[in-house]
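Record features, source TrEMBL:
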type	residues	note
TRANSMEM	20-44	transmembrane segment
DOMAIN	89-149	domain 'Potassium channel'
TRANSMEM	97-115	transmembrane segment
TRANSMEM	127-157	transmembrane segment
TRANSMEM	193-215	transmembrane segment
DOMAIN	205-282	domain 'Potassium channel'
TRANSMEM	255-275	transmembrane segment
REGION	310-338	region 'Disordered'
Amino acid sequence: MAGRGCSCGPGHLNEDNARFLLLAALILLYLLGGAAVFSALELAHERQAKQRWEERLANFSRGHNLSREELRGFLRHYEEATRAGIRMDNVRPRWDFTGAFYFVGTVVSTIGFGMTTPATVGGKIFLIFYGLIGCASTILFFNLFLERLITVIAYIMRSCHQRQLRRRGALPAGSLKAAGRGADSLAGWKPSVYYVMLILCSASVLVSCGASAVYAPMEGWSYFDSLYFCFVAFSTIGFGDLVSSQGAQYESQGLYRLANFVFILTGVCCIYSLFNVISILIKQTVNWILRKVDGRCVQPCHRRLARSRRNAVTPGNVRHPPGDISTETDGVADSDTDGRRLSGEMISMKDSSKVSLAILQKQLSEMANGGPHQAGTPSQEDEFSGGVGAFAIMNNRLAETSGDR
């Protein structure tokens with residue numbers, strides 16, 4: 001442990017706890033700031049709407065000689081009908097097969113618009129077990145989608161890099177020997193993870209803009225409201241204030257509902273992938289903050305520990321040559337050994353964000369250079385290898401735990 005024998009240097013568990021508490025504090029500050037902004041933007045509008053409603057209610061009560069209590073009782077019955085899916089406008093049935101299929105899609109994708117909810121006890125019980133399996137399966141699908149998307153992105157980035165090298169004359173073309181020299185020139189190249197975030201962000205924007213161009217005329221929304229719906233739906237926030245494909249009739253109805261399904265599926269996959277990559281960068285930022293806060297304390301302590309270890313010999317403590325890289329090292333190297341180390345096969349989970357970023361970087365590098373490296377002998381961690389983001393963290397934790405047995 002890095003902090004053993006030192007009062008000021010945090011150990012592995014303390015570093016993880018500090019990282020967790022700092023992230024929790026930042027999220028709390030983020031929530032407080034968001035609440036302040038939304039309250040400033042929306043509170044006045046809410047009060048005006050409530051005042052207008054009270055005036056309309058009083059005028060209607062006087063005009064039709066109804067008491068306020070009778071009128072409010074009638075409106076409560078309407079609210080109950082609304083929760084059951086009954087609307088004043090002509091809308092599609094909620095619980096026919098197509099409506100139920102739309103509902104289960106919002107369940108397993110965790111969007112949960114809320115415009116349709118089970119009203120029977122049997123429906124609510126079934127939803128609990130159905131959602132438990134469906135949501136877990138969909139999360140797995142999203143992670144596998146991200147891995148395959150990385151393969152496509154890596155291939156595209158490799159092609160662009162090769163084209164740039166050919167323009168500069170650094171990559172020969174034509175003969176078999178030239179191809180071999182070209183492979184050598186690409187051996188040290190690694191795609192940037194930040195380009196992945198940029199590509200995913202661009203893809204999400206393109207899908208949202210394209211979907212909004214369809215939703216605006218079909219649903220009668222403004223283009224801005226359509227963009228707002230796309231983010232709320234694709235990010236699985238799912239407020240339910242705007243919900244697509246709920247009208248009873250549409251022009252080219254079958255085609256529109258198919259397009260709606262494709263838009264939501266593609267958008268959710270893109271936004272989920274983008275969130276995974278952004279979460280890795282957020283963890284990098286949290287680690288940077290911790291290093292800035294604790295640097296003055298940790299660095300002197302590490303120097304004292306290094307001096308004490310020079311004269312200490314313990315079982316299993318092997319001094320590595322200057323060129324050797326330990327499996328505990330956090331540095332990034334270009335060799336295949338370092339690539340395996342960064343993939344989580346030979347590294348402990350001291351820093352989950354670095355492992356997640358390294359796994360994503362390694363996957364990009366492997367896919368861009370013709371597929372993953374094949375190990376000579378299968379290791380115990382191979383059954384847990386793979387994954388990106390939170391999925392990778394869990395897999396590496398399992399690999400680390402199983403390796404200690």
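Counting begins at 1 with the first residue displayed.
Even glycines carry a Cβ here, placed using N, Cα and C.
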Sequence-remote partners of the transmembrane segment (255-275) [C-beta within less than 8 Å, at least six residues beyond its ends]: 98, 105, 109, 111, 142, 145-146, 149, 197, 200-201, 203-204, 207-208, 210-211, 214, 218, 230-231, 233-236, 244-245
Mean of the pLDDT scores, which run from 0 to 100, over the domain 'Potassium channel' (89-149): 89
Residue counts (helix, strand, coil, in that order) that DSSP gives for the domain 'Potassium channel' (205-282): 57 helix, 1 strand, 20 coil
Residue distribution over DSSP helix, strand and coil in the domain 'Potassium channel' (89-149): 41 helix, 1 strand, 19 coil
